[in-house]
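Now, the feature entries from TrEMBL:
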{"type": "COMPBIAS", "residues": "13-26", "note": "compositional bias 'Pro residues'"}
{"type": "COMPBIAS", "residues": "41-53", "note": "compositional bias 'Polar residues'"}
{"type": "COMPBIAS", "residues": "90-100", "note": "compositional bias 'Basic and acidic residues'"}
{"type": "COMPBIAS", "residues": "101-112", "note": "compositional bias 'Low complexity'"}
{"type": "TRANSMEM", "residues": "177-196", "note": "transmembrane segment"}
{"type": "TRANSMEM", "residues": "202-220", "note": "transmembrane segment"}
{"type": "TRANSMEM", "residues": "227-245", "note": "transmembrane segment"}
{"type": "TRANSMEM", "residues": "265-284", "note": "transmembrane segment"}
{"type": "TRANSMEM", "residues": "315-336", "note": "transmembrane segment"}
{"type": "TRANSMEM", "residues": "348-367", "note": "transmembrane segment"}
{"type": "TRANSMEM", "residues": "428-446", "note": "transmembrane segment"}
{"type": "TRANSMEM", "residues": "512-533", "note": "transmembrane segment"}
{"type": "TRANSMEM", "residues": "539-558", "note": "transmembrane segment"}
{"type": "TRANSMEM", "residues": "570-588", "note": "transmembrane segment"}
{"type": "TRANSMEM", "residues": "625-645", "note": "transmembrane segment"}
Amino acid sequence: MPSSDPKTRSKPPALPPASDAPPIPPSSWAKKTGFKPKFSGETNASDSGQVQLPSRARENNSQADLEVGRVRPAPAAVNGEQQPVNGKGPAEKKRREVDGANKGSSASAANGHTVNNGAAPQPQQPTRRASRNEEVVDVLPQNVDDDGFVGRHSHMKYELRDTPGLVPIGLYGFQHYLSLLGSLILIPLVIVPAMGGTYEDTANVVSTVLFVSGVTTLLHSFLGSRLPLIQGSSFVFLAPALAIINSPEFRGLNGNNFKHIMKELQGAIIIASAFQALLGYSGLMSLFLRLINPVVVAPTVAAVGLSFYSYGFPLVGNCLEIGIVQILMVIIFSLYLRKISVLGHRIFLIYAVPLSLVITWGVAFLLTEAGAYSYKGCDTNIPVSNIISEHCRKHVSRMKHCRVDTSHAFKSSPWFRFPYPLQWGTPVFHWKMAIVMCVVSIIASVDSVGSYHASSLLVSSRPPTPGVVSRGIGLEGLSSILAGLWGIGTGSTTLTENVHTIAVTKMGSRRAVELGACVLIVLSLVGKVGGFIASIPEVIVAALLCFMWAMLAALGLSNLRYSEAGSSRNIIIVGLSLFFSLSIPAYFQQYGISPNSNMSVPSYFQPYIVTSHGPFRTKYEGVNYIMNTLLSLNMVIAFIVAVILDNTVPGSRQERGVYVWSESEAAKREPAVVKDYELPFRVGRIFRWVKWVGL
């Protein structure tokens, strides 16, 4: 029994070098031991690799490189003790040298004890090349199979291709959509009143949103990226939609303002969606992917959420006792009660939005019925301009925003209504609005790329190939064309919040998402569902949006975990992108506004009326409209600053966190990857000649 005293313990004999192996030069040794020079806390790393075929079995106790899909070796054991794997321990150094010299032979024994935690030597297999030399940030643990593949995530209740049964899939699918309730239904509650629509118009648009979301989600699940991602009305399109709604040519319209403005939005969305479909299916997206990295995605998506600060709490302040309760409830559920489980489900975390909505709505209903917002001789149905009594003028705003019975959408909605294309009329096409939406469709594509990468790490053994990403973006373009034809006011794209929902609910089955989409289509045909949603008080909507937009900003910044978030390079780029995304639009939004101008527009819509007074004042009115509108959008500025700096400032691939996509040829030879991403019903055979939109 060897002595445990480190001073008296005999040192293990040196391992004999391979007879036919050439000496390893110092630079190669440094790479094999994982040595990386560090200066000022930053790491210089080599290029990023691709997914390769397995060829050598690794140690049984190993860690998985989640992003690349390779196994990272665990510490080796010598004399029964674990050794470090940072390239400094002697056992690790010898193990790596033996690996380089003997090409996959079993580790030699030292002092009578077998390396690899005492396990028997593994049979020799062909060498598997390391995918890349730099250290990768692991996101979630994985299993490792016998061939060295990174297995599926044991923490997921249902994985990508699991179909355990109709009942559990149905329940989890309903849970999935219910947790995304805020993202699905809140946008129509903002834009329809801004267009001058009635409560009935809001109910109809909500039903249309549910229908389009169900249809486009099914299309994306079958013909798009095939990841369990819900398609819906995106917040990315909200700011440009509000800018178009508040354009000067739409002020003072006679007749139905809602239908007129909706047709303008439809035309712009259809053209922009066709551009996005062309970007994906032409293969240009594969080239564009080289510019999109976590350092670009993070500030761009975060700016989408931060840009609506002027709408959130100012509207909540119209009825503080209701709005504050809503904000506090959703915070308590999602943070303080998030670890409480009921029957194995963290219901407060998963259903934070719907639970808080029901409770706050109930409180508002009780206060309304108790007469807290009833004032003698005052009627909320009378227009403000026709109210003579000073007493009623004083309380009309409180009555309008605090009472829950001011909306008649539920009573007036029919039980059955089928949303149909062109239901608002023939779309109107204007090139200046279409160009604005085309730029926004690029931002939506950037948002979706980040969602594809993050969700694939959660539910799949490999990231998608660039062809699958291009196919998904192209399908999102076609989905947005459908959204434009049906008229939901925005485009349809992947909901960023979906990634958080997958991580929280641990539901990664695409069958659950597909079944939930079918349920969504059925609900959209029930007119009372849209009427019920449209009757949510405006203050509660604004309070929920405060949470949703804050969540969106945080989800955007979470993309930095794929890069070196502590790098001074990345800190400066993200900081500049976020600051200028708020500061430059603030300059455009206040430029030339006189104290008495645009008083008819609510204060929270003031940032979106810059087209008539921005600093761009050339003789071409269309150019003025495009430049003033685009440069007043926070997400556009964030994207421009981030993409320029990230692709021009020197930095290693590891430091930048370059997204690693599966290599097409290697992915085709892996059955698991083919089953994950291949088009169903042998549709992929038709597109085999289109290599840039497939595996």
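Glycine residues also receive a Cβ, built from the backbone N, Cα and C atoms like all the rest.
Only residues 6 or more beyond the boundaries of the transmembrane segment (625-645), in the same chain, are considered here, and those with a CB under 8 A from a CB of the stretch are 236, 239-240, 243-244, 247, 291-292, 295-296, 298-304, 306-307, 432-433, 435-436, 439-440, 442-443, 446, 573-574, 576-578, 580-582, 584-585, 588-589, 607-608, 610-611, 613-616. Using the rule of three or more Cβ pairs under 8 Å, pairs at least 6 apart in sequence, the transmembrane segment (428-446) is not in contact with the transmembrane segment (202-220). Per-stretch counts of Cβ pairs under 8 Å to the transmembrane segment (177-196) identify 348-367 as the leading one among 265-284, 348-367, 512-533.
The stretch from 202-220, 227-245, 265-284, 539-558, 570-588 that makes the most Cβ contacts under 8 Å with the transmembrane segment (348-367) is 539-558.
The stretch from 227-245, 315-336, 512-533, 570-588 that makes the most Cβ contacts under 8 Å with the transmembrane segment (539-558) is 315-336. Scored by C-beta pairs under 8 angstroms, the transmembrane segment (512-533) has its highest count with 202-220, from the stretches 202-220, 227-245, 315-336, 570-588. 227-245 is the stretch from 227-245, 315-336, 570-588 with the greatest number of Cβ pairs below 8 Å to the transmembrane segment (202-220). Panel annotation: around the transmembrane segment (315-336), residues 348-349, 351-353, 355-357, 359-360, 363-364, 367, 397-398, 401-402, 537-540, 542-544, 546-547, 604 of the same chain, lying at least six beyond its termini, place a Cβ under 8 Å from a Cβ of the stretch.
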